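Engineer: Below you will find the structure I want to go over with you.
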Amino acid sequence: MSQEQTYIMLKPDAVRRQLMGQIISRIEAKGYQITALKMMTLDQEIVGEHYAHLLDKPFYPELAAYMTSGPVVGMIVEGPEVVAGMRQMMGPTNALEAPAGTIRGDYAHSISENIIHGSDSLENAQIEINRFFK
Ligand code: DAT
Ligand code: MG
């Protein structure tokens, strides 16, 4: 099993709803290491880079408004196979369909406000870590 890094971000509703501690506890309990963490408020420009694959979608304006609506918490999380492992812990994009026991399944119920971001590949993890921790 290869040691990996991924980029995890607690979205504005996680911070607003005071769920940071619970979500971070799950990541720690799984045995992953949080090796960097910062709270920041995103601007339109960085959200446009991060969600470049969604810029032409009809829901993009709503997504950008949500992501800039309050502080987020960015983290570098490390562990064996952590990219896929975190995606599994998070559950599917649509929180309405996310099984109980997943972070999205337990704390969210919408596709647009789904509480947490996690990189979808090793390659994107490095790009996102560089983007948010440069
Ligand atoms: P994920 O966050 O699971 O990697 P993604 O990269 O496809 O999913 O989309 C990024 C975010 O955009 C997602 O977390 C929530 C929002 N989003 C995606 N599809 C959507 C849709 N059909 N309607 C509203 N928001 C959507
Ligand atoms: Mg994604």
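Using N, Cα and C of the backbone, Cβ positions are placed for all residues, glycine too.
For 3-134, the entry in TrEMBL reads domain 'Nucleoside diphosphate kinase-like'. Taken from TrEMBL, the feature ATP binding site covers K11, F59, R87, T93, R104, N114. Look at TrEMBL and you will find H117 tagged as active site, pros-phosphohistidine intermediate.
I'd like to know what surrounds each of these features in this structure.
Structural biologist: When DSSP labels each residue, the domain 'Nucleoside diphosphate kinase-like' (3-134) comes out as 62 helix, 30 strand, 40 coil, counted as helix, strand and coil in that order.
Other Cβ atoms within 10 Å of the Cβ of K11 (ATP binding site) number 21 in total over all chains.
Under a cutoff of 8 A between CB atoms, and with a sequence separation of 6+ in the same chain, the neighbours of H117 (active site, pros-phosphohistidine intermediate) are Y7, I8, M9, K11.
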Engineer: Based on a Cβ-to-ligand 1 distance below 6 Å, what subset of the binding-site residues K11, R87, R104 would you report?
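Structural biologist: Result: none.
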Engineer: Can you check which residues sit near N114 (ATP binding site), meaning Cβ under 8 Å from its Cβ, same chain, 6 or more apart in sequence, and list them in order?
Structural biologist: K11, T93, N94, A95, A98, R104, A108
